[in-house]
Every structure is written in structure tokens, then in C-alpha cells.
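> Below, the features straight out of TrEMBL:
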DOMAIN    107-222  domain 'Phosphatidic acid phosphatase type 2/haloperoxidase'
TRANSMEM  83-102  transmembrane segment
TRANSMEM  109-130  transmembrane segment
TRANSMEM  150-170  transmembrane segment
TRANSMEM  182-201  transmembrane segment
TRANSMEM  207-228  transmembrane segment
Amino acid sequence: MAALTPVLLMLVGGIALAQHGILRATAAVRLLVPAAALGGAAQLTHDVVDGGGLTRIDEPITEWVVDHRISWLNPAISTFTDAGGVAAMTTLTIVACAWFGVRRQWARLLATAAVGIGVAVIGSVMKSAIGRHRPPAIDQLVTETSPSFPSGHTLGSTAVVGVLAAMVVLSPRGPVARGAAVVVAALFAVAIGLTRIYLGVHWTTDVLAGWSIGLVWLALCLGPYLWWRARVSSRARPAAPEPRAAAPPRRR
């Protein structure tokens, strides 16, 4: 719980500032969501290393999922989960960066590349550092041998698809397109995470950490992009006209 204390203070402070009109609602959301994700990631990592806390839910959930699998769904889920894998997310990142490069949208290219490269590095480093074992091989529908924490599929799909959804939201498109981008990205990340639990290759806390860390890294990469975008927008605004001097009073 100690890992959550600074984040809880940020959440309370952000809510208080928003309620008093000091912080705009949109800015509060941008602060609170990453803060909550950071707190979740920190607490989950602490629990996994310590072997307590939320990790107590892992074995019961895995056992329940294994007992309630639907055999005819297994091949479809085994195939779908690859959409969140390293190959798919790397390809998606390269294609998106190439698209932004052709359109000379260099800031978008850099933000997207940072997300794609970052999730690969973060996932690899954390897996090696923590070295958590996966669920028993007998429960796995597909074979995975690398360390378990965090779920790389979940981390990658959350951050990579998330940054592309953010680019749609920040583009001059209609509200329907922007809303659809957010919904599709969220559903995709959730679905990929759930497939990892269903297939028996990750514990539930691995997946929860993947979502949390993905959101944190996404926010860290979008922060500089949003700052740059705001600066460019402010420079592009026409200067306010100077007030006209009052005419001198007429002499009678």
C-alpha cells in the first residue's frame, strides 16, 4: 500500500483542484488517469515481487478459466491473441511511422516510434528483472517460455493502439470518428489481455500490469507531443488587434 501513497495524494489533489476550478476538467483527466495507472503498476509490481497482495487472486482465476474453457473457441482465441504480439505491434508501429513520415508529420512519427520502441524495452527489462514464472505448462493452450510479468501482449496493444487512437482524437475529425477510435482501442487492449488469461500463459496480475504500464508509457510519450502541439497552435494564432486610441474631444 505504501507504493500507492504518493499517487493517492496526486489523485486527491487533482480532484480538489478541478472542483475549485483551478484545474480544467480535461487537464484533470490527463493527470488523474496516468496517476491511477502509475499507482496500479507500482502496487502490482510490489505485490508480485513480494508474493502477496493481489497475486492471491491469480491461481483461483486461472483454475476457474481453465475449468470453463469452451473448446470450439480455443483455436479462434489462439489466433486472435497474435494480433497483440511483438510481430503485429512492431509492424503496426512501422506502418504508422511510415504513414506519418510520408505526410511529414514528424512529431506524430516521433511519438509513435517512442511508444513502439519503449514498450519493447520496458517489457523485456521488467521480464528479465522480475523473472516471474508463468502458469503451469499443463494449463497453457499455446507454449510460452519467457518470464511472465508483465504481459507483453497487453502492454504493447494498450500503448501502440492507444497512441494511434490518440492521433485520431487529436486530428480534425468528427466526434463519431474520434469516439470510435477510443472505443476500438480500449476494446482491443482489453480483449488481448483477456486472451492471455484464457490461454493460460499469463496470471491475471500480469495482464493488469500490462494495461497499467501501457497507459503510463502512453501518457509519458503523449505529454511532449501535446506540449509541442500547444506551442505550435499558440504561435499560429493571429495576434490580437491593438485597441484603437480614443478620439480627442472636439473643441466647441
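Each Cβ is built from the backbone N, Cα and C atoms, and glycine gets one as well.
Each of the listed features needs to be described in terms of its position in the shown structure.
The average pLDDT the prediction assigns to the domain 'Phosphatidic acid phosphatase type 2/haloperoxidase' (107-222) is 94.
Through the fold, the transmembrane segment (182-201) approaches residues 61-62, 65-66, 69, 77-78, 80-81, 83-84, 134-136, 139-142, 144, 148, 151, 153-154, 157-158, 161-162, 164-165, 169, 207, 210-211, 214 of its own chain, all at least 6 residues removed from its boundaries and within a Cβ separation under 8 Å.
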> Under an 8 Å Cβ to Cβ limit, what residues of the same chain, 6 or more beyond the ends of the transmembrane segment (150-170), are close to it?
44, 81, 83-86, 89, 92-93, 96, 108, 111-112, 115-116, 118-120, 122-123, 126-127, 177-178, 181-182, 184-185, 188-189, 192-193, 195-196, 202, 206-207, 209-211, 213-215, 217-218, 221-222, 226, 229
